[in-house]
Amino acid sequence: MPGGAFLLNSGGGGMADHGGGLTVPVVVTCFMAASGGLIFGYDIGISGGVSEMESFLKKFFPGLLKRSAHANKDVYCMYNNQALTAFTSSLYAFGMVGTLVASRVTRRIGRQAIMLIGGSLFLAGALVNAAAANVAMLIVGRMLLGLGLGFSGQATPVYLAEVSPPRWRGGFISAFPLFISVGYLAANLINYGTSRIPVWGWRLSLGLAAVPAAVMVAGASLIPDTPSSLVLRGKHDDARAALQRVRGKGVDIGAEFADILAAAEHARRNEEGAFRRILRREYRPYLVMAVAFPVFLNLTGVAVTAFFSPILFRTVGFESDAALMGAVILGVMNIGGILGSGFAMDRYGRRLLFVIGGALMLTCQVTMASIIGTQLGNGSKMAKGYAVAVLIATFVFSASFSWSWGALYWTIPGEIYPVEVRSAGQGAAVALNLGLNFLQAQFFLAMLCCFRYGAFLFYASWLVVMTAFAVALVPETKGVPLESMGHVFARHWYWGRFVKDQNKFGDEST
């Protein structure tokens, strides 16, 4: 399984984990769950490629195809069209709705059921889009795809956090963004092949989204629900059996299961709507994280870098293979960054990744702004030496993003929330991220046309803010059992004024 090696060799440290042996069952279970990331990556990759196919534009957006022949050749503005971006951005709007719905019902039906529903909705959306005869069918298909992404994005990272041993939790959760990158790379390779098929190539690209969806449905149907989710629904025997299954036969799970029971009992004693509860003062740190992480993720500037890469590749001289080469190399860099993150986060902690990734991304954004601002104008071509320098900066930026915010966005929000607000916190974070994805996808090209190379500097300034936030306000969670996560916030220099360490769960020696 891709990425398995880096998990098997990850180091531990910090707090002891109760059932923390790295067994074959837990590896298989977590990777089957993480395969849901394929649908995220595939859709991200496939949408952009399909929207450039002439056969697709001719069928659904013939007016746009005619206007593009007379488009402004300003490289900053030539792709600015709201009608076509709506095809991509609509998915994120429905994804936000799906996430909010999933977070409302996940406590009643369980994480596994949410993942099954998400995969099934995505599978249905892929089939509808492949058979689309008009724009209305496209919209229905995008709606189903978005709902599927929302359901799976709400449940999968939490599932991984609740099932994986604390010692290797960061590596296991990072398997989810790893599969996102693999799906993105596969989608772009498929687009490259199907773009050469006249008339119906776009149908094949959209229809093949059913493959990762089927993988997710199959994987989710073969894994147990999480022990925490089962306990919250009163299924204690099933919860113990599920924990024993993922930890392996013969492993003593008594202490870990006792902590899960204690956390669930605490949640019941404080029974209240999770969304109302997370607004209370004592949950302030978790609410801040649920908002800050998706906001900062969208302000890293990864969108502007991804947009400019095909232009830069053509400038260097890749000609007709520019899109393929750009997507393949950037995809490989993404995968490399996530694999590196999986090696490092459970050995050296999360904070180091934020610092290194933030510094490198800031350097790359400033470098690209300086070169593009002086070398790229209306209809002009960049000198090859400058283009190569920007390409290198693009690759480094992509790897640095995956190493830091790209991986940690899924890891930290998936592990920090107390069980009583876990569904609300993760749901709010994913819903906000999808909502911001919608806004950025819909309006980013207009912003680029207005800001020009200043867009790079805009994102660079935010990189300074988000790195400072991560260093000062994100507690180190390496090796901390989920049931003991509240202790970390209670002992934090700032969050301790909101969260009180009441020694509720687990062995305090851990």
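Placement of Cβ uses the backbone N, Cα and C atoms for every residue, glycine included.
TrEMBL labels come from automatic prediction, so no person has curated them.
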### Of 29-50, 139-160, 249-270, the range TrEMBL labels transmembrane segment
139-160
#### Entry: Intrachain neighbours beyond the transmembrane segment (139-160), with Cβ under 8 angstroms and 6 or more residues off its ends
30, 33-34, 36-37, 39-40, 43, 87, 90-103, 106, 111-112, 114-115, 117-129, 132, 169, 172-173, 175-176, 206, 209, 213, 216, 226, 410-411, 413-414, 422-423, 426-427, 430-431, 433-434
### Query
Do any residues of this chain, six or more beyond the ends of the transmembrane segment (453-474), have a C-beta under 8 angstroms from a C-beta of it, and if so which?
76, 288-289, 292, 296, 299-301, 304, 350-351, 354-355, 358-359, 361-362, 365-366, 368-369, 372-373, 376, 405, 412, 447, 494-495
### Message
Please report, as numbers and ranges, the same-chain residues at least 6 past the borders of the transmembrane segment (114-133) whose CB is under 8 Å from any CB of it.
### Response
33, 36, 39, 60, 98, 102, 105-106, 140-156, 159, 203-204, 206-210, 212-214, 216-217, 220-221
### Query
the transmembrane segment (352-373): which same-chain residues, six or more beyond its ends, come within Cβ distance under 8 Å?
300-301, 305, 308, 341, 344-345, 382, 386, 389-390, 393-394, 396-397, 400-401, 403-405, 407-408, 452-454, 456-457, 459-460, 463-464, 466-467, 470-471, 474
## Note on the structure
Within the same chain, the residues 6 or more beyond the ends of the transmembrane segment (83-102) and with Cβ under 8 Å of it are 43, 47-48, 51, 57, 60-61, 64, 114, 117-118, 121, 138-139, 142-151, 153-155, 427, 430-432, 434-435, 437-439, 441-442, 445
